[in-house]
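Listed in Swiss-Prot for this protein:
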SIGNAL    1-30  signal peptide
BINDING   GLU110, HIS123, THR124, ASN125, ASN133, ARG134, GLU135, ASP199, TRP200, GLY204, ARG272  xyloglucan binding site
CARBOHYD  ASN114  N-linked glycosylation site
DISULFID  CYS267-CYS281  disulfide bond
Amino acid sequence: MAPSSAHNNGFYVLMLVGIVVSTMVATCAGSFYQDFDLTWGGDRAKIFNGGQLLSLSLDKVSGSGFKSKKEYLFGRIDMQLKLVAGNSAGTVTAYYLSSQGPTHDEIDFEFLGNLSGDPYILHTNIFTQGKGNREQQFYLWFDPTRNFHTYSIIWKPQHIIFLVDNTPIRVFKNAEPLGVPFPKNQPMRIYSSLWNADDWATRGGLVKTDWSKAPFTAYYRNFKAIEFSSKSSISNSGAEYEANELDAYSRRRLRWVQKYFMIYNYCSDLKRFPQGLPAECKR
């Protein structure tokens, strides 16, 4: 007896679910206690609210930091941050993925503090095999100190996407055919730190940290990681993958951010690269 169409539909749904599960493993953090280690700064780094909230603080003696217990090789990382309020000049809140060693890979969000009323600068960078110098900087279109906002990294063999509140702000494409290394072989941990960088962070170091405002504190919540299978990622064509990650609306949002809020792009800095822009900038 032939199976019913309903039976067939159920079978295909089960097959589809199985395929999705085999190519993507979601890890929703139960708590910061389970997923992260406080690595430096003593009691300046704290986990509270039953493991649902984490804070880092900076004073004149020390900053603080944490790292993930787990390493990741391709995936989507989401974290909600509320940055240092008030006069945060001279401070840097760094949130990034990194491997270890002299040829490490790294994907950076760095939030450069500023005087009260002036906007934060979001500094992004990508290191491949120990080499960075791929900076793009942005103003944010909101006050990142008043509420929590979500900062995300999507990392696959085809490209890396930086997102703020699910709006893409930067796409770094795999340009290995042009001889540009791409992070794809070294698993990376999640790191974050709050530290003093008043020799460069605010107006090139002209504005120093006002220690009378210390301690400076940033807050974290709602961490989530979704791991992608490298095999399934590589099987997608570049164009197909691009369409899956950035639909027409997302591409418009990316252009909007880059037109109105980007304040530095290494791919436009001809003075910095008088012998010619890096190969990935010429695509």
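Note: Cβ is positioned from N, Cα and C throughout, glycine not excepted.
Feature map: annotations from Swiss-Prot on the structure.
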| residue | record | DSSP (3 states) |
| --- | --- | --- |
| GLU110 | xyloglucan binding site | strand |
| THR124 | xyloglucan binding site | strand |
| ASN133 | xyloglucan binding site | coil |
| TRP200 | xyloglucan binding site | coil |
| CYS267 | disulfide bond | helix |
| ARG272 | xyloglucan binding site | coil |
| CYS281 | disulfide bond | helix |
Notebook entry, point to check: Non-local Cβ contacts of THR124 (xyloglucan binding site) (under 8 Å, 6 or more apart, same chain)?
Noted result: ASP108, PHE109, GLU110, GLU135, GLN136, GLN137, PHE138, PHE162, ILE169, ARG170
Checklist line | Same-chain residues at least 6 apart in sequence whose Cβ lies under 8 Å from ASN133 (xyloglucan binding site) | finding: ASN125, TYR266, PRO278
Next item on the list: Can you figure out which of TRP200, ARG272, CYS281 (the recorded positions) comes closest in space to ASN114 (N-linked glycosylation site), comparing Cα atoms?
Entry: TRP200
Next item on the list: May I ask for the distance between TRP200 (xyloglucan binding site) and CYS267 (disulfide bond), taken between their Cα atoms and rounded to an integer number of Å?
Entry: 21
Checklist line | For CYS267 (disulfide bond), nearby residues of its own chain (Cβ under 8 Å, 6 or more apart in sequence) | finding: LEU277, PRO278, GLU280, CYS281
Item checked: Maximum Cα-Cα separation in Å among residues GLU110, HIS123, THR124, ASN125, ASN133, ARG134, GLU135, ASP199, TRP200, GLY204, ARG272, which the record lists as binding xyloglucan -> 21
